[in-house]
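*Asks:* One structure, as structure tokens, below. Some questions next.
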Amino acid sequence: MGKGFFIGKTVGIMAIILGSAALATIIALSVVYSQEKAKNNNQVLPTDGGTTSSPPVTPPPSNEPWDRYRLPKSLVPVHYNVTLWPRLTEDATTKLYIFTGESSVEFECTEETDLILIHSNKLNYTKLDNVHLARLTSVNSEVKAPSIKNSWLQNVTQYLVLQLDVKLIKDHKYHLETKFQGELANDLGGFYRSEYMEDGIKKVVATTQMQPTDARKAFPCFDEPAMKSVFYITLIHDVGTVALSNGEVKQSSNVTIDGHNVQMTIFEPTKKMSTYLLAFIVSDFDFISNTVDGVLIRIFARKPAIAAKQGDYALNKTGPILKFFEKYYNSSYPLPKSDQIALPDFNAGAMENWGLITYRETALLYDEAFSSNSNKQRIATIIAHELAHMWFGNLVTLRWWNDLWLNEGFASYVEYLGAHEAEPDWNLKDLIVLSDVHRVFAVDALASSHPLSSREEDIQKPAQISELFDAISYSKGASVLRMLSDFLTEDVFREGLMTYLDTFAYGNAVYTDLWNQLQMAVNASRTQLPDTVENIMNTWVLQMGFPVVTINTTSGVVSQEHFLLDPDSEVTAVSPFKYEWIVPIKWMKTRDIQEPQWLRGKSATINEMKASGGDWVLANLNVVGYYRVNYDLGNWNRLVEVLSNNHTLIPVINRAQLVDDAFNLARAKMISTVLALDTTKYLIKETDYMPWESALSNLDFFYLMFDRNEVYGPMQNYLRKQVTPLFEYYKRMTFNWTIVPPGHLDQYNQVNAISLACRTGLEECQNLSQEWFNEWMNSSENQIHPNLRSTVYCNAIAAGGAQEWEFAWSQFEQATIAIEADKLRSALACTKQPWLLNRFLEYTLHPDKIRKQDATSTIVYIANNVVGQSLAWDFVRARWSFIFAEYGGGSFSFSNLINGVTKRFSTEFELQQLKQFKAENNVIGFGSGTLAVEQSIERTVSNIKWITENKENVLNWFNNA
Ligand code: BES
Ligand code: ZN
């Protein structure tokens, strides 16, 4: 590492401008939107083609290779030598944090070319020969390397471009060397910095988030998932700090560089892997460890967190989950170590870097005194999700991002299997129906949805890649793979999976490669299918949406159609299968499970499905199929009757499903809203979690639509009546709220009982919440059980004023575990005081108050509050350009933000505002939230219609119920 590592003047000045513009923007906040908009018209624009922002100036259409987003196929990396030196203190003059680096990549030329394109973003290069940005040499000394004729940075497409005087020779290897520097910014992408306070001292961590396209922000690289290579990593860091990367430490020693005494840590070379899975971290964290069958497992976190044993749960569960996946995949863990680290600043929940998984603190650290059972479940499942990727995704990687759904969908399915292994008593496998199937049904029923699979050509820009990390990829992916595993049988599914992993290890694949391996497993088994795996799955993967299967129990006719939440919406996307699916149907008649059936084509007559007398038919058992079910009215009435007389005859997942199907079929005008509401009558006797949760999330829609009009009162009365027995049930079970219910799902349902009881104004519940909270305020000892904290804090802050809010805010600022801070942060959004909500909104753009990673979710919390709704919307559209530039890095956050602040929209006026918002910000764009804008418009249109058509009926029903 030599001289010449200084930060460019322009970068420094830009940062100062950005910083003061940010501050000015925050100070300027007021509530009147029109004034706001005028003030903000000349706000900060994104300065380049960053992760999700589109470039400010569209380049003229050109077909030069450096204007295309995809790399040419002429060069293939063999290995890299990368040395990075992050500075954990700011530069005295520029006030910036930087890192410096040197890299050399050996690559093979597979097609003659006189052009080298290698990804590079926001890096400044030192001219190695005083002229060019890189040095090229030949590996074979007999072959002379071409000279560099011209070199420059192509910012829009994020390349370092080198034009050569003559061509590189096919099958020859070359070395490309560079020396560069970048900013270690707090932007949560690439090589970035995270900060936290410890004993009154600010500490800085250097860490990375490369997926999907930010490895190029750390060093120049062929940054596409198929460009697998071996990486020799070296980190330079302050003596006494800990350096981590994907591989094990080979050697660490003290050295002097440029007069600095530093530590140099050299890592063992990685396996052949993709750039997006790299990780480099320097911190003064502590760790705990154990070894399971020769694999070293370590959990790293801030020293006080480790001292407080907050890493213990993760450490105890990692070994068993890792062993589970080894068995499930029939493949041993490919690396010698598995590190997991909790970072104070982290955009997603966790990232599957091979051998060094990164997490936000709330997703890894557990403390019995602060964590709820839901926090604990999230830790177990997220660990399982990321460990699942160690094979599926890391060992075998999809060739291009268009197949991302298979990677994330797969991990999102098997995370339940892995977590079940760690917590076998929790019924986790059932919960996929609520968290994934129901979650994605809501968006996949819109005409603006999209198929799971995208064409490779359609996914080019970083923002297009980021947009793929959506509910369709994750939750629909998980749902259809679960269905596939079920109809193949788990043994056959696993068999195909094993050969897939074996065949493509250390390489790349496309999703049809998995279908082929599964087909071979099917052929070798006794499983009978109506068609090939590929043909069946094509109907689920290549067309958007899902079917509603209608069973007429009088005629035995079973038919399917594309389920649309708004039957009047226009589906412009044509489907190769005309919106017909090959549908596996598991079903029961009255008390008996029947032979499974398949539905192909529009309709079929299945005589066994005729039912008469008191018999009833129930299809899609345990909701393993990715579809909804409708029945003739007679069968619906019989099902509602079974619910009210003997509900346990229906499996618990299907009770949840009947409610969810009924509400959604009513939205689609396929059954009456009255019938849907009728399915909630039996809840007065229901104590199980899943049906309640399903009812609550459907009634949430009613709250959103009616909490600002006259339906609200009668609805509250009805729900209070329904929930009171449940409240009493848990009161008894917990001996007057003194113990925790023994079952995991019971613990969840206890929270449901309390939050609905308080929400509907049950006095006993409200008093309880306020009493508990006041006790804490007065004694500063928090006796509230972690499971109940979120809802109790929220209720007390909603009922209280500034005093309660300020108390919670100071507790938030002092919280030593992020999980407690998160509970307070969401509860702070519950106040009914507009001025407190507005001030809280301001805090979200102030990283000293609310971390950047939490900004968008906080705005959404505020929008969920009926008082905060319009404040949050005004805030977001007034500050869009700033939010977009500064907070646009996350993949999930933008679509969540847009969907979140608009989900209550149900008036013509709101629709106009939304359309205006879209038009006004057309130039700035919406990045990874582009699709969310369309979804929001479609949802608003359908809400407007729904209210007009249903308000009166609903009001009458609640009044009479
Ligand atoms: N690969 C993702 C993390 C990620 C997401 C990186 C978006 C870049 C953009 C990781 O495997 C993941 O899916 N994490 C989830 C957790 C999981 C349990 C659904 C997350 O971060 O929420
Ligand atoms: Zn994942």
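In case you wondered, yes, glycine gets a Cβ from its N, Cα and C as well.
All annotation found in TrEMBL is predicted automatically rather than curated by experts.
Just lifted these from TrEMBL, have a look:
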- 12-33: transmembrane segment (TRANSMEM)
- 41-65: region 'Disordered' (REGION)
- 76-277: domain 'Aminopeptidase N-like N-terminal' (DOMAIN)
- 313-540: domain 'Peptidase M1 membrane alanine aminopeptidase' (DOMAIN)
- His385, His389, Glu408: Zn(2+) binding site (BINDING)
- Glu386: active site, proton acceptor (ACT_SITE)
- Tyr474: site 'Transition state stabilizer' (SITE)
- 616-939: domain 'ERAP1-like C-terminal' (DOMAIN)
*Asks:* Inside 10 Å of the Cβ of His389 (Zn(2+) binding site), count up the other Cβ atoms and send me the figure.
*Replies:* 25
*Asks:* Cα of His389 (Zn(2+) binding site) to Cα of Tyr474 (site 'Transition state stabilizer'): how many Å, rounded?
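*Replies:* His389 (Zn(2+) binding site) and Tyr474 (site 'Transition state stabilizer') have their Cα atoms 13 Å apart.
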*Asks:* How long is the line from the C-alpha of His385 (Zn(2+) binding site) to the C-alpha of Tyr474 (site 'Transition state stabilizer'), rounded to the nearest angstrom?
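*Replies:* Distance between the two Cα atoms comes out at 11 Å.
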*Asks:* Show which residues of the chain containing Glu408 (Zn(2+) binding site), separated from it by at least 6 in sequence, have their CB under 8 Å from its CB.
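*Replies:* Result: Phe469, Ser473, Tyr474, Gly477.
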*Asks:* Identify which of the following recorded positions, namely Glu386, Glu408, Tyr474, place a Cβ less than 6 Å away from any atom of ligand 2, and list them by sequence position.
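*Replies:* With ligand 2 as the reference and 6 Å as the Cβ limit, the list reads Glu408.
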*Asks:* What is the pLDDT of the domain 'ERAP1-like C-terminal' (616-939) when averaged and given as a whole number?
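*Replies:* Looking only at the domain 'ERAP1-like C-terminal' (616-939), pLDDT averages out to 95.
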*Asks:* Which chain-mates of Glu386 (active site, proton acceptor) that are at least 6 residues away have a CB under 8 A from its CB, listed by sequence?
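*Replies:* Result: Gln340, Ala350, Met351, Glu352, Ile357, Tyr359, Ala411.
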*Asks:* Residues other than His385, His389, Glu408 within 8 Å, Cβ to Cβ centroid, of the Zn(2+) site?
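*Replies:* Neighbours within 8 Å of the Cβ centroid, excluding His385, His389, Glu408: Glu352, Glu386, Ala388, Phe392, Gly393, Asn407, Phe410, Ala411, Ser412, Glu415.
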